[in-house]
C-alpha cells in the first residue's frame with residue numbers, strides 16, 4: 001500500500017506544503033502513536049516542524065483563528081474556568097471569556113474531543129484558538145504553577161538572621177515551626193527576588209475569606225503576581241514576621257520591622273515591613289529600600305537641563321532651604337538623597353531626621369524619629385543645631401514648630417532640605433504661610449522648591465506612533481508653534497515590558513525664589529498669584545514639563561494626564 005494512503009489529514013497537509021516529505025511524515029505519525037502523543041506535539045518536540053509553522057498551516061487549513069501566546073497577558077487567563085486535570089489531559093488552555101463563551105488555546109486542530117469535553121465540563125460555548133505547541137506547554141505549566149513549584153535553588157538566599165520578638169514560648173515554637181516550613185521559605189524567597197528583579201517598589205501579602213494573593217507595585221501600579229493556597233496564609237505571615245524580627249504571637253496590633261536581603265557578595269537590599277490585622281488575617285506590606293536608587297546621579301532622574309542647573313546651583317549655596325513636594329510615592333526621597341550625595345564630601349557635616357530612615361548612606365548621620373520615645377522632627381532639629389552641622393535634612397515639615405526651627409537654621413548659615421505633601425511649588429509656600437510661618441522669614445529663607453511626580457516610561461521596544469488631532473493637542477496644552485515638530489507615542493506591550501511601559505521618569509516643577517516672588521510672599525499672596533509670577537519668569541509647571549516628556553517620546557499623553565491633571 002502506498003505510504004501516502006496512510007497519512008492523516010495534518011500529515012498530508014504538511015507534505016503538500018513541503019514542510020515534510022512523505023517518508024518522514026509516515027514515520028512521525030507512527031512514532032507519535034507509539035509515544036501516545038498528538039502528532040503536533042511529537043513534531044514540535046522532535047523539531048521536525050516549528051510550532052509557528054504548524055499553527056499557521058493549521059489555521060489556514062482548518063479556518064481557525066491563530067494567536068501568539070506571548071502577546072497575551074497570562075496573568076489575566078481565567079485559570080479557574082477549566083480544571084487542571086482537563087487542561088493537561090487535552091493540552092488546552094483557557095485564554096479569555098466573554099459572557100457565556102470561553103475561548104481556549106489548542107495546538108492540535110483535530111482534537112475535537114478536547115473542545116467537546118471542555119464545553120461539557122464548563123457548560124459554556126467553547127471556541128478554539130490555534131496556538132504554538134511549544135508555547136502552549138510552557139503557558140500551561142505557568143498557569144498552574146503552585147506556591148511550591150519552581151522554587152528550587154532559592155534556599156541559599158542569604159537573609160541576615162534577626163531575633164524574634166519576645167512572645168509566649170509555646171506560641172513562639174508553634175509559629176516558628178510554621179515559619180521554617182521549607183516550601184513556604186522557598187515561596188517567600190522567590191517573591192522577594194522576583195520583586196527585586198522586576199524593579200518593584202512594594203509587595204502586598206493579602207489574606208481574604210477564600211483566597212490569598214500577592215501583589216507587586218511596579219512603576220507605580222499594583223498587579224497580582226501569585227495566588228498561593230489559602231492554607232498557607234498563616235505560615236507565610238509567620239515566615240515574614242520571623243525574617244523582620246517581629247513578635248509572631250502578636251496578631252492584633254500593627255507592627256513594623258525590617259529585613260536585609262543579601263543578593264550578592266557586595267550588595268544587600270533592605271525591606272521595610274508593616275503588618276496590619278484585617279478581618280481575614282494579617283496583611284503584610286513590604287517597601288523595597290534599594291540604596292543604589294539614591295546613587296544613580298542627577299542625570300538619571302529626568303530633570304530638564306535648566307531645571308538640573310537650578311537644583312545644582314541651589315545645592316552650592318552656603319545657606320537657605322530647598323523644599324521637595326509631591327504626594328506619597330512621587331520620588332521625593334530619591335530627589336533629596338541625590339542632592340545629599342552630591343554634598344556628601346569629607347569637609348561637610350550632614351545630618352538627617354527621617355521617619356523612618358529609608359536608605360542608609362555612609363558619611364551621613366541619619367536619625368530615626370520616634371515621637372513615642374520623645375524624638376520628633378523638632379527635637380531632632382534642635383539636637384542637630386548643637387552638632388556643628390553644615391547640611392540638615394528633615395524628612396517632612398508637619399507642623400509650625402518644625403517649620404520655624406528649620407527656617408531659623410536656614411537663616412543662620414545652614415543648608416536645610418525637607419519635604420511637604422503639597423501639589424505644586426506655589427501651594428508649598430501658601431501651606432507654610434497658613435501654618436503660621438512669618439511671611440518675611442519664609443521669603444528670605446527658601447531658595448528653591450521642587451514639585452514632582454513620577455510617570456511611567458514607554459517601552460522603547462514596542463511603543464508605537466500615535467496620531468492626535470491638532471485641536472486635541474491645543475486643548476491638552478501643547479505649544480501651538482511646536483505642533484507638527486514632534487511625534488506622540490502610545491503603549492503596546494511586549495516580552496520586555498508586558499504592558500507597554502518600563503521604568504519611570506520624573507516630571508518636575510523647579511522654581512527659584514526670585515525677588516519678584518519674594519515680594520508676593522511678603523505680601524502673603526495666594527497660590528494663584530505665586531504660580532502666575534513663576535510662569536512669567538519662565539519656570540515650567542508640572543503640566544508643561546509633562547507635555548515636554550510626551551513630546552520627547554519618553555512617556556505617553558495618557559500617562560502625563562494621569563499624573564498631572566487634577
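Heads up, the Cβ atoms here are built off N, Cα and C, so glycines get one too.
In the structure as shown, the Cβ atom of residue 332 (ATP binding site) sits within 10 Å of 24 other Cβ atoms. Feature annotation from Swiss-Prot assigns ATP binding site to 326, 327, 328, 329, 330, 331, 332, 333.
Among the features that Swiss-Prot reports, Zn(2+) binding site is placed at 459, 462, 494, 497, with the record citing similarity to another entry. The 10 Å shell around the Cβ of residue 497 (Zn(2+) binding site) contains 21 further Cβ atoms across the protein chains shown.
Excluding 459, 462, 494, 497 themselves, the residues of that chain whose CB lies within 8 A of the CB mean position for the Zn(2+) site are, in sequence, 460, 461, 463, 491, 492, 493, 495, 496, 498, 499, 500, 501, 502. In the structure shown, across all protein chains, 330 is the one of the binding-site residues 328, 330 with the greatest number of other Cβ atoms within 10 Å. Applying an 8 A CB threshold to same-chain residues 6+ apart, the list for residue 327 (ATP binding site) reads 421, 423, 453. Cα distances from residue 462 (Zn(2+) binding site) to the binding-site residues 328, 329, 333 are smallest for 329. The local packing around residue 329 (ATP binding site), expressed as other Cβ atoms within 10 Å of its Cβ over all shown chains, amounts to 14. In this structure, the CA atom of residue 326 (ATP binding site) is 27 Å away from the CA atom of residue 497 (Zn(2+) binding site). Nearest neighbour of residue 459 (Zn(2+) binding site) by Cα distance, taken over the binding-site residues 328, 329, 333: 329.
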